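Trainee: Annotations per Swiss-Prot:
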- 71, 159, 232, 234: DNA binding site (BINDING)
- 180, 182, 234: Mg(2+) 2 binding site (BINDING)
- 364-384: compositional bias 'Low complexity' (COMPBIAS)
- 1-105: region 'N-domain' (REGION)
């Protein structure tokens, strides 16, 4: 689930709220990861060439396990502590969007079949990406894998990104790792995108800080939620003719969707037949999640060596040598990832002011200004 054109809107109106970073700089951070979007990325990355898709001896796809195993090891080797959150049932309001996706996937399957017979390799890859979906078994496989690796998982009652946001808002994790921008709409204080992008692509991680986004856009969180609905989300259709620029102008001026609709020229901007924005707003403000304080303490345990070998090597046909190497890396870096960042426990204590200091006169010799001027470096994301 995402918000249409929200990244572009933030980039244009609040560019300083987007920073670029690299994986190693998140050492010691606890990150709540939307497992579903991660799995989708793994499947796309490894199945783009359908002829080389990874499978076991039974012909079952194993790309999701390959991606999850090695990318998780990479996170842990950088000192990051991941928590994977899996989707539960989709909200009823999302059924319309799911039906649209199913129709698009059916059409893509037909196009893929035709492209495989007479099309170019580029066409095959394009349609192959569109037919990929994450199955229940693939989710269960990954839950089993992560448990054997000693990595904590959470099964959300509904949307994974909403559960991630709850965990972050309550201070149980530092950021949400997801490609879906609605993580910000749901209140995650920090969002990391491109967390699982291959470092070979040389694409930096994008870091969004919610408070900076709100300040840059000049909105409250409630107004930001209404803006997200107006831009378009998975829960309801958007108003045709209203793009990102017009949407933020309307919310900044009228402050709420009720007032926007009240002053809108309906002949020019007719409302969609199905536009339950009050219910959608409620889903963003009070999503169906497990309260963070009711979740068990997150623990990163030692890997189950015997269990990993049985599952990955015997059942899934992985290389025993590579699995052994992966397990050794898990053991090696587990203690590293348990260490905390210095800034997580250092508190600056201000020295009490001595009233006698005010009576002392200190004469300073003015220093000459330096001939050199320092240039400010910026890590904000700029669109090329």
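Every residue, even glycine, has its Cβ placed from backbone N, Cα and C.
What you see is a predicted model, and the numbers here were worked out from it, not measured in a lab.
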Trainee: Provide the three-state secondary structure of residue 159 (DNA binding site) computed with DSSP.
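Mentor: Going by the DSSP assignment, residue 159 (DNA binding site) belongs to neither helix nor strand, so it counts as coil.
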Trainee: Pop the Cα-Cα gap between residue 182 (Mg(2+) 2 binding site) and residue 159 (DNA binding site) into the table, whole Å please.
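Mentor: Here the two Cα atoms lie 11 Å apart.
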Trainee: Relative to the Cβ position of residue 180 (Mg(2+) 2 binding site), how many further Cβ atoms are located within 10 Å?
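Mentor: That number is 24.
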Trainee: Taking just the CA atoms, what is the gap between residue 234 (DNA binding site) and residue 182 (Mg(2+) 2 binding site) in Å?
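Mentor: If we compare the Cα positions of residue 234 (DNA binding site) and residue 182 (Mg(2+) 2 binding site), the gap is 10 Å.
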Trainee: In whole Å, note down how far the CA of residue 180 (Mg(2+) 2 binding site) lies from the CA of residue 71 (DNA binding site).
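Mentor: Here the two Cα atoms are 19 Å apart.
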Trainee: For the binding-site residues 159, 182, 234, which one has its C-beta crowded by the most other C-beta atoms within 10 angstroms?
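Mentor: That would be 159, with the highest Cβ count within 10 Å.
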Trainee: For residue 232 (DNA binding site), what is the tally of other C-beta atoms lying within 10 angstroms of its C-beta?
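Mentor: I count 20 other Cβ atoms within 10 Å of it.
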Trainee: Cα distance, residue 180 (Mg(2+) 2 binding site) to residue 232 (DNA binding site), nearest Å?
Mentor: 13
Trainee: Return the count of C-beta atoms lying within 10 angstroms of the C-beta of residue 71 (DNA binding site), excluding that atom itself.
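Mentor: Taking all protein chains shown, residue 71 (DNA binding site) has 20 Cβ neighbours within 10 Å.
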